[in-house]
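Data first, discussion second: the structure below is written as structure tokens.
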Amino acid sequence: MSNNETGRTITAEAEEPVDPSQLKRLPFKELLKRVGPGMILTGVVIGPGSITTAAVLGSTYGYQLMWLLIPIFVMGTAFVLTNYRVAMLAGKPVLQVIHDHYGRTVTVIVGAATFLSGAAFTISNFTGTGIGMTLIFRIPWQAGACIMGLVCLLVIFYRGGVYKILEKAITACVFLMIICFGITVIASGGPKWGEFAKGFFIPSVPKGSLPAALAFISTSATVTTGLYGTYLGREKKWKKADLFNGATTTDSMAHVFSVTLITVLMLLTSAIVLYPKGVIVRSPTELAEQLRPVLGNFAPIIMGLSMLGAAFSSLLGTSQRTAVLMLDSLGKPCGLDNMSTKIFSSCVLAFGAIVAFIFGRQPIQLVIVAQVCTSVATPVAGLFLTLLLFSKKLNQGYKRPTALIVFMVLSYLFALGLTLNTVIGLLRR
């Protein structure tokens, strides 16, 4: 069985040695062809929870929390670039590199924690697709969710190469979110740039905003997101040369810029329309109703398309990410076209559907499970990823990226602080 079929290795180790000084940056058109994994990661990151949290933050605090864009951008860049560098230099996805250096136990901990966390979040993604369909077509959310669940299964079991259709589908969802939120911001008259600049350049923490603000950062820029990106890079058939010809950097920037752009548009939507009225929304459905004075009868359609794009891309991407990382942590084949990955992904979808139908939403107990698992996966994966960045063996023959090391260490320490804050919050419940 070939490596592409098993999904256990990529071929950088078998390549000719790469001399970065001899490689030129690829032309812009060629760079665009190499972009893809980063856009899928954006779809994974921006889910229904992101829309709901942004609506709450914007409607409650207006422009005061625009500075959140800075840590989201910096941390997202550091985490993705570090993951890509480690994977490209080692010639294999990051979990396999961690296994080679630190053993199976560590990889299983990261894989299992990421799997449980992803499975728990799949519930809100599943219900989110249903809500999006309800807003657009006025059908019961259960029917809408089932339809989109079947679409996910069609993609997962597609025989013509899952990665290509996955990239196209999620990239389309990302652009759909940008267009819909962009239309809303423009239709509402645009932001007050003076207040926006103040909120962006002068950080403040309004009373009661800290827990939600920290949670928003921790879900928008995660170590495990970039970790999954190294598996997508394998599916994209990246080579070691792509680390030095601008391909992986361009892909990273596509991811971070798209996440940041969607985030700022989501925050602005509620800050412009809702904050002046003193209206605080708790769901996309409520937000759609509040947007009627601005968008008229198109409000539920535009909000529904935004919700559907976020929920579907996150549902599809998260179900596959949890399967891939869990299987690889156990040393099993984990390529997107491998049947074990397809079955595992389907089981995650089924779990989300069953719980959503029983409870009608994501039970608070599973929210806590997801937070606990993320609190385990982030510090463990982040620690060993940071150590690998310092590895003499891994960097042998290549100049160490000083700036990346500095930003990665600072980002990891900040993420560790976010994790501790989450744990303390859970213990106080």
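Cβ coordinates come from backbone N, Cα and C, glycine included.
Because TrEMBL annotations are produced automatically, they should be read as predictions rather than curated entries.
These come from TrEMBL:
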TRANSMEM  35-59  transmembrane segment
TRANSMEM  65-84  transmembrane segment
TRANSMEM  105-127  transmembrane segment
TRANSMEM  139-158  transmembrane segment
TRANSMEM  170-190  transmembrane segment
TRANSMEM  210-232  transmembrane segment
TRANSMEM  253-275  transmembrane segment
TRANSMEM  295-318  transmembrane segment
TRANSMEM  339-360  transmembrane segment
TRANSMEM  366-390  transmembrane segment
TRANSMEM  402-427  transmembrane segment
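Between the transmembrane segment (253-275) and the listed ranges 35-59, 139-158, 170-190, 210-232, 295-318, the one holding the most Cβ pairs under 8 Å is 35-59. Here the transmembrane segment (295-318) touches the transmembrane segment (170-190). Their Cβ atoms form 3 or more pairs under 8 Å, with each pair 6 or more residues apart. Distant neighbours of the transmembrane segment (210-232): 7, 36-38, 40-41, 44-45, 49-50, 53-54, 56-57, 65, 68, 71-73, 75-76, 79-84, 86-87, 93-95, 110, 114, 163, 255, 259, 263, 321, 324-325, 328, 334, 374, 377-378, 381-382, 385, 411-412, 415, 418-419, 421-422, 425; these residues of the same chain sit at least 6 beyond its ends, with a Cβ under 8 Å from one of its Cβ atoms.
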